[in-house]
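*Asks:* Handing you a structure now.
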Amino acid sequence: MDVSRVLLKHAQGGPNQPMWTAIRGNVYDIEGWVERHPGGDVIRVAAGRDATWLFESYHGKHVENVLEQLYVGKLVDGNDGIEQVEKRTEKDEKMDHVERSSTPTVRKRKNQEHKRMDEPAGREELEGTKRSTENRSDDDPWESHEPQDVLRMMEEDLEPVATYKTGPFYDELKRRVNKEMRQKGVNLRTSTSMYVKSALILTSCVITWWNAFFSPYQALRMVCAALLGFCRAQVGVSIQHDANHGAYSKNKLASTIAGASLDFVGASSFMWKQQHVVGHHAYTNVDGMDPDIRVGEKDVRRVTQYQPWHPHHALQHLYLGWLYSLLAIKSFAVDDFQALHTGRIGNVRINRMTRIEMGIFWAGKLFYFCCVYMVPCLLSTSGWMELILLWSMNEAVAGWTLAFLFQVAHVVGEVDFIKADEKTGRVDCEWAIAQLETTADFSHGSSFWLHVSGGLNHQVVHHLFPGICHTHYPKIAPILKQLCLEKGVKYRVFPSFWSALQAHFRYMKHVGSVKVPSLATVG
């Protein structure tokens, strides 16, 4: 069976729809595997899209036998995909059932009516084109007399996919890491120290929140407001970061709760997974694909030489440091709702939310708003001006902590920014090598920075092994370093956080200079 990218896009699970993903050009039905998935719900982000490099970064060769059991068919693209979808609309229900009767989703639903069970994803859109012209809306861009026109518009709405070269580097690295960790008896997914750390962070959040708004001492209120922002950032870079990468616990409920901790300190764990796990990790620093470096047409910042330049960018190294303080409040009040409304974060399409995910989204927003804004307004003895100052300190410190820790890893002059081929999406290197070329570490050997950064001082290791708890990164870094020496691959490590931060602003000054033209407009 051939599956077009249009059909794949709509196979995200839900009522009467399968849950499919594509890996190395093959399509797999993962609906029946979600509950048994060792990494928890993180598998859901793969639904309805090409998840080749997400799969490769989380799994070894031992899972190949599982994929064979979930096989649906081949992924087809371009015009062939459109023709295939049109051909499928001409098949009767009986033939459609025969084609799909061997897939896991159909086997699971064998007691349901054939029509509901076998309805292919995307078919509803095709049948919609048969409606009479009386019911059409002139403002509806999806409505057309021709099914092929609708399909072409649907294809244009697909998220871009980059394809990398294959090579032996990543397989050899995985082999060495797995061998050494097995010899040492290390459980890479979990860590007792991570649970202790989580308890300390969450307790600190409660203590700093209370003292920030209800302490009788003004000086303590100010200090705790800043510390509250820092503790919220620690939830983001440590607890939820590991949990939403499936690197926290083998217990599904524990992982879900830890992942949802982000929601209750302001941001959305669902949106974070769509942006970070789906977009950023798969296509790190790939212009137009990595949502972490996306910019608007007249954005306040310019991150790569491929992006448009404007005169104000010449000063971005001076004002961005202050604007980073708005990152946390912007995520809470603007970005998450914008993504919910548009269904996209940059070029990354947002998957459908389950009822549980939707509930966590709104419960988290309400909880944070009530605790940080409404309750202090009603019960705190602080005046309005002081409350505004306390809120500002909380949000600014959280924003600065998050922005600085993430920016020094990918937005520095020492790493590369990639431009995939516009027609084919090809990137001229191996995926694992691309992670090394687009990412930098800092402060190796520092336990302080390991825990304060949530392991982001070993960002390269994190990108290559996102499913491993960050407290284990220092064990893996020497193995990676040795392989890089043998293969002649550069492993970028700044000696300190300060040197990495300086490199970030030095690069922002460089790329914001008028002397660096926009390659997007050259020629």
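Using the three backbone atoms N, Cα and C, a Cβ is placed for every residue, glycine included.
Caution: TrEMBL annotation is automatic and unverified by curators.
In case it's useful when we look at the structure, here is the feature table from TrEMBL:
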- 7-76: domain 'Cytochrome b5 heme-binding' (DOMAIN)
- 86-145: region 'Disordered' (REGION)
- 86-100: compositional bias 'Basic and acidic residues' (COMPBIAS)
- 114-145: compositional bias 'Basic and acidic residues' (COMPBIAS)
- 359-385: transmembrane segment (TRANSMEM)
- 397-418: transmembrane segment (TRANSMEM)
*Asks:* Can you tell me which parts of the same chain pack against the transmembrane segment (397-418), counting only residues 6+ beyond its ends and a CB-CB cutoff under 8 A?
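*Replies:* Residues packing against the transmembrane segment (397-418) from afar: 226-230, 232-234, 236-237, 266, 284-287, 292-293, 303-306, 324-330, 427, 434, 437-442, 453-454, 456, 459, 492, 494, 497, 500-501, 503-504, 506-508, 510.
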*Asks:* How about long-range neighbours of the transmembrane segment (359-385): same chain, 6 or more residues beyond its ends, C-beta under 8 Å?
*Replies:* 209, 213-214, 216, 221, 260, 262-266, 268-271, 332, 336, 340, 353, 391, 394
*Asks:* Just to be sure I understand, if DSSP states are collapsed into helix, strand and coil, how many residues of the domain 'Cytochrome b5 heme-binding' (7-76) fall in each?
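*Replies:* Breakdown, helix to coil: 34 helix, 17 strand, 19 coil.
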